[in-house]
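Asks: Before I ask anything, let me first share the structure, which is written out below as structure tokens.
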Amino acid sequence: MASKTWQEIARAAREHRDRSIAEVKPPLPEIRSEDLPLNVTAIPWKHLSSFEIELTETSPEKLVKSLASGELTSTEVTNAFLRRAGIAQKLTNCITELLPSRALARAAYLDSYLSTHKTPIGPLHGLPISVKEHVGMQGLGQNAGFVSWWDHTAPEDAHLLQLLWNAGCVFYARTTQPQTLMHLETSNNLYGETVNPYNTSLTAGGSSGGEGALLGMRGSCLGVGSDIGGSIRSPAANNGVYGLRPTSGRLPASGFAATMMGQEHVLPVMGPLSTTLEGCKLFMRTIIDQKPWLKEPSLVPVPWQMNDQARFGAKNGKKKLSVGVLWNDGVVKPHPPITRALKEVVETLNTVPDIEIVDWKPYKHDLAWEIIASLYFADGAKEEKEAIAASGEPWRPLSHFIITENQYCKELTVPEVWNLTAQREKYREEYAQLWNETAVDGDPDTVVDVILCPVGPGAAPPLDHARYWGYTAQWNLLDYPALVFPVSTVDQHKDVVEKDYDPMNDQDRWNYELYAPDKYVDAPVSLQLVGRRFDDEKIIEALEFMKETARI
């Protein structure tokens, strides 16, 4: 690779991607970019059969039932998703490669297995699943957004993928990620920018932005992402789908490509993005039921603890659901669409007798960013800089933002790492105490169950403008599980600029000045539920209860 320029490598990467899409049958149509609207989500309807549209817009939980019963074949479902994913690539630039040959061979095997044995191979039998590129697939590329890594290959499937495979899934699409993996957008010099299908002038988010855009286009119904600062939740929110950042230690986290492998100050996690909440639940249960801790000792040996017994509601003989609402983190005020969505959801929840709403006061969220931003690059981003320099590729704007413009990014001594880790633990203890103090008269049964809060300071921002991580990275520092769900879209009439607002600081001023309703036409508006460590099941049950009782 050293003898090639970065431009030649990028050309080879794109040609490889395009060849993989050309293998999809019947051939996909050419789509002229100059004829496209900003919102491209309806374009697939013009180029797919009604049956393909029906399949790709069916929820994963319904698909697995139809696949397990033989009502649908994996071959027809997989081919439909391959075709829609190929169209999604042409519209949003979200794919690094499709896997038609191996995916259809796997689907044919699963169809034959079901026909012979009259039983599915596992709970995901025949279901197509998309995967972020840096999550290893044996023998396939694993570039993590670096041009110089384009010829790196994975020696084996990541542990998480092995478990999904055991459950009967089909891997058919691999998706884009940003240079360094440390953007809340998805842009790199191999493939360019991944854009938002609802408004292509906006970002799909990052770093799992290829997954977000693909699911937003319904080219996938269930995908694998990773998250160290918001990388599952940002794309889920920006594209109007569901995404779960699990507590570390719940799901396997080995077998991915990244710099700084082995660091433990801020643990990355893998998790699901899905078109439905049930899809996220299906993903989690399928993995944890296989006891991944038996192979990966760093994982906690805690079974998936959701059953048919309701956790909330007086009619079920259970407690009220207590929701703490974080309107503003005290650093950057959310844009009007986010505040409106919060108000509307809270107003609806307030009509439910079994739901109690309290305000959540932010506690030193600026300090939390200082700690985590210092811990992200304990080597001063040496490995990122070397990986970029190795090919001579240019720095992307948001790589500069998180590294060279990050005042907390510096090479740390061992004692400095120890000190910051101690600060992290102290902050976690203080936040736990803050949570404990929400109990009424010291009764632990009255403590806040979940926090309802923004996913970011606005809807999907314009390209290269995702410069505030506080609403997601906060929960990475605390290692709290967080679940993103769609609520609304930007409304130009309701979501007007707040006049005469006096920003709290320079970051807040930058974000305030970024907003204009006409920039964000059709952008999804999402929120997130946050729970305490290992309350992964609880936040899912809380959202289920909210959807059931309040119809949010």
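Backbone N, Cα and C atoms are what each Cβ position is placed from, and that goes for glycine too.
Sharing the record's features from TrEMBL:
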DOMAIN    76-539  domain 'Amidase'
ACT_SITE  Lys132  active site, charge relay system
BINDING   Leu181, Ser207, Ile228, Gly229, Gly230, Ser231  substrate binding site
ACT_SITE  Ser207  active site, charge relay system
ACT_SITE  Ser231  active site, acyl-ester intermediate
Asks: Identify, among the binding-site residues Leu181, Ile228, the residue whose Cβ has the fewest other Cβ atoms within 10 Å in this structure.
Replies: Ile228
Asks: In whole Å, note down how far the CA of Lys132 (active site, charge relay system) lies from the CA of Gly229 (substrate binding site).
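Replies: Distance between the two Cα atoms comes out at 16 Å.
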Asks: Can you give the largest Cα to Cα distance in Å, as a whole number, for the residues Leu181, Ser207, Ile228, Gly229, Gly230, Ser231 that bind substrate in the record?
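Replies: The two farthest binding residues have Cα atoms 11 Å apart.
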Asks: Around the recorded substrate site, report the further residues of that chain (criterion: Cβ within 8 Å of the mean position of the Cβ atoms of Leu181, Ser207, Ile228, Gly229, Gly230, Ser231; site residues excluded), sequence-ordered.
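Replies: Other same-chain residues near the substrate site: Met182, His183, Leu184, Gly206, Ser208, Ser226, Asp227, Ile232, Ser234, Pro268.
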Asks: Determine the most Cβ-crowded residue among the binding-site residues Gly229, Gly230, using a 10 Å radius around each Cβ and all protein chains in the structure.
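Replies: Its Cβ has the most other Cβ atoms within 10 Å: Gly230.
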Asks: Express the predicted model's confidence over the domain 'Amidase' (76-539) as a mean pLDDT, rounded to an integer.
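Replies: A mean pLDDT of 97 is what the model gives the domain 'Amidase' (76-539).
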Asks: How many Å separate the Cα atoms of Gly230 (substrate binding site) and Lys132 (active site, charge relay system)?
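Replies: That separation, Cα to Cα, works out to 15 Å.
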Asks: Quick one: pull the CA-CA distance for Ile228 (substrate binding site) versus Lys132 (active site, charge relay system), whole Å only.
Replies: 14
Asks: Which residues does Ser231 (substrate binding site) neighbour through Cβ under 8 Å, counting only same-chain ones at least six apart?
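Replies: The answer is Leu181, Leu184, Gly206, Ser207, Ser208, Gly225.
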